[in-house]
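Undergrad: Have a look at the structure that comes next, please.
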Amino acid sequence: MVLVSGSGTNLQALLDAAADDAFGAAVVAVGADRDGIEGLARAERAAVPTFVVRVGDHATRAAWDAALAARIAEYKPDLVVSAGFMKILGPSVLDAWPVVNTHPALLPAFPGAHAVHDALAYGVRVTGCTVHLVDAGVDTGPVIAQEAVAVRDEDDEGTLHERIKTVERRLLVDVVGRLAREGWHTRGRRVRFGRVAQPGDTTQEEHP
Ligand SMILES: Nc1nc2c(c(=O)[nH]1)N[C@@H](CN(C=O)c1ccc(C(=O)N[C@@H](CCC(=O)O)C(=O)O)cc1)CN2
Ligand SMILES: NCC(=O)N[C@@H]1O[C@H](COP(=O)([O-])[O-])[C@@H](O)[C@H]1O
C-alpha cells in the first residue's frame, strides 16, 4: 500500500521494482488525499487499485484518519509506504499498520512539508534523504536508511529536489524490498533488517 499526494515518481520506482517477483513485494493499492494527481494516474496505468480520501470531506481530522484507515484496510496490506504523502497520519492508521516514509532531508534536520526549501534557506552544504518508520510525531520516527546529497552553488529548490529524488527512489526501493524479504526489528530507535531479534527487541509483528 502506497500513499501519495503528488507526481508519484517514488511510487513509480516501487511499481517498476515490484514487476520483478524477486523484489518480494507488490503494490496492492495506491491511496491519495486529493484527486487528479499524477501519482494516481501512474497507479491506474499499472492497473493498481486507487482511492482518494479528502480531508475536506470529513468533519474532523480524526474522522479523516479513520476513513483513510478503513480504505487501507480493504486491501489488507502488510506495510504502508508514504511516498510524497503530504498529510500527517493519525492513530487510526499508525496503530493498525507499520508505516514507512521517505523524506527529502537528513532527519532530524529539516522536518516537515518544506524540507528542501528549508535546507537551501539555511545554507547547508550537504543534505539528502531519509527513509524512516512513521510515528505520531512529524518526521520523528526511527531512521531506517539515509543518504547524503551535496548542495551545489547553482542549486535552486527544483534542481536540488530532483537530485535528492534520484537518490531517494533508489533508497526507498532498497528499503521496502529488504523489509519485505528479510523482515525487520527495532532496538530502541535503531531499526535492523532481519527477523532474528534479541530479548528486549521489538519484532515487526509487535509493531502496529
Ligand atoms: N504521523 C505522521 N504522519 C506523516 C509523517 C510523519 O512523520 N508522521 N510524514 C509525512 C510526510 N512528511 C514528511 O516527510 C510530511 C508531510 C506533510 C506535513 C504537513 O505539515 N502536512 C500538513 C498539511 C500540508 C499540506 O496539506 O500541504 C498537515 O498534515 O496538516 C509534514 C510532514 C506523512 N505523514
Ligand atoms: N515531507 C514530505 C515530503 O516532502 N516528501 C517528498 O515529496 C516528494 C514526492 O515526490 P514524488 O511524488 O515524485 O514521489 C519526495 O521527494 C518526498 O521525499
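Keep in mind that glycine also has a Cβ here, set from the backbone N, Cα and C atoms.
When I checked TrEMBL for this same protein, it listed these features:
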- 2-176: domain 'Formyl transferase N-terminal' (DOMAIN)
- G8, T9, N10: N(1)-(5-phospho-beta-D-ribosyl)glycinamide binding site (BINDING)
- R61, M86, K87, I88, L89, N101: (6R)-10-formyltetrahydrofolate binding site (BINDING)
- H103: active site, proton donor (ACT_SITE)
- D139: site 'Raises pKa of active site His' (SITE)
Undergrad: Taking the recorded N(1)-(5-phospho-beta-D-ribosyl)glycinamide site as G8, T9, N10, identify the other residues of that chain whose CB atom sits within 8 Å of the mean position of the site's CB atoms, giving them in sequence order.
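TA: For the N(1)-(5-phospho-beta-D-ribosyl)glycinamide site the neighbour list reads V4, G6, S7, L11, Q12, A13, G39, R42, A83, G84, K165, R169.
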Undergrad: From G8, T9, I88, L89, H103, which recorded positions have a C-beta atom under 6 Å away from some atom of ligand 1?
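TA: I88, L89, H103, by Cβ distance under 6 Å.
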Undergrad: Does DSSP give N101 ((6R)-10-formyltetrahydrofolate binding site) helix, strand or coil?
TA: strand
Undergrad: Closest to H103 (active site, proton donor): which of the recorded positions T9, R61, K87, D139, going by Cα position?
TA: D139
Undergrad: To the nearest whole angstrom, state the Cα distance for the pair G8 (N(1)-(5-phospho-beta-D-ribosyl)glycinamide binding site) and R61 ((6R)-10-formyltetrahydrofolate binding site).
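TA: Between the Cα atoms of G8 (N(1)-(5-phospho-beta-D-ribosyl)glycinamide binding site) and R61 ((6R)-10-formyltetrahydrofolate binding site), the distance comes to 24 Å.
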Undergrad: Cα-Cα separation of T9 (N(1)-(5-phospho-beta-D-ribosyl)glycinamide binding site) and M86 ((6R)-10-formyltetrahydrofolate binding site), in Å?
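TA: Rounded to a whole number, the Cα-Cα distance is 14 Å.
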Undergrad: Rank the binding-site residues T9, N10, N101 by the number of other Cβ atoms within 10 Å of each Cβ and report the first-ranked residue.
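TA: The largest 10 Å Cβ neighbour count belongs to N10.
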Undergrad: I'd like the number of other C-beta atoms within 10 A of the C-beta of L89 ((6R)-10-formyltetrahydrofolate binding site), please.
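TA: I count 21 other Cβ atoms within 10 Å of it.
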Undergrad: Going through the recorded positions T9, N10, L89, N101, H103 in sequence order, which have a CB under 6 Å from an atom of ligand 2?
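TA: Close enough to ligand 2 are T9, N10, H103.
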